[in-house]
Amino acid sequence: MGLAGLARLHGLFAAYKPPGLKWKHLRDTVELQLLKGLNAGKRPASEHRVRFLLGPMEGSEEKELTLTATSVPTLIDHPLVCGPAFTSLKIGIGHRLDAQASGVLVLGVGRGRSLLTDMYNAHLTKDYTVHGLLGKATDDFCEDGRLVEKTTYDHVTREKLERILALIQGSHQKALVMYSNVDLQTQEAYEMAVSGVMRPTNKSPMLITGIRCLQFAPPEFLLEVRCVHETQKQLRRLVHEIGLELKSTAVCTQVRRTRDGFFTLDDALLRTQWDLPSIQDAIQSAAPRVAAELEKNLRPGLGTQQPSSPGWPWDSEGPSSALGLESHAGH
């Protein structure tokens, strides 16, 4: 395998991170499996040198020793002498997932790490499924956190929940227009809004471009969220604040990323597929799509403009909370 195998490892691929596993552990595991595959390949035949070895003459019964020219392999490149051929790989991580979250995690190997920077600069949206549980609040917005409050939820209906979600999306859409740095009076702004490619051109708070309820079976509910510049903790806080808006409380039981830019769950390699052949195939199959999507999303007007007034105070101009609206429920 050797250098030929290494040449096919430059690029991006997606892995599925299970809950409870830290992203750094995932990266280290992938690196270990790749090194194991690269070093398992057949090495080139060792060079031979002519050495004069002392030994008895062939065909002679006398015990005299003589020097005989003999071809022997050199041991300078033997694995037991110089160690494994590959000892480390440069692997970068894209948009990270915390230990409790699961889903699509993009990794870049070798020269593919520079493509991760391009993904950041493109400000691509990501999709999540977020599970919520009504009736209690915790200190860290997770189900297993320290219990702070228990409330009733019999009055909560799907219609009330969807009304809150509509307010959230509307509030964040207004903020998205501001951070996209596009003149609303131009044809470009209209086309970007219609095609759904409007997004911030620089750093911003979490912006939600779409949110809807997939399931509602009190006390449990399931949301699908499309957002940019988020953290998983902010998504858990979003569930908490939705509970407050519903005159109740809620905790987040699961956060799962189903899409990161142009990588989806179908592209993500499971833990049993974190080996050299599977990762090589994933990188090679994704390469044309990665190049095309980055070229499309980084072209002028879709992410390369700089805002006219950098350093805007998020707390005064951005959404006032993860909801993007003032809470009317008692905290």
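Cβ atoms here come from the backbone N, Cα and C positions, even for glycine.
Where the annotation comes from TrEMBL, it is an automatic prediction and has not been curated.
Predicted, not measured: the structure shown is a model, and the values here were computed from it.
Per TrEMBL, the features are as follows:
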- 88-231: domain 'Pseudouridine synthase II N-terminal' (DOMAIN)
- 298-331: region 'Disordered' (REGION)
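In the predicted model, residues of the domain 'Pseudouridine synthase II N-terminal' (88-231) average a pLDDT of 92. Across the range of the domain 'Pseudouridine synthase II N-terminal' (88-231), the DSSP-based residue counts are 44 helix, 48 strand, 52 coil.
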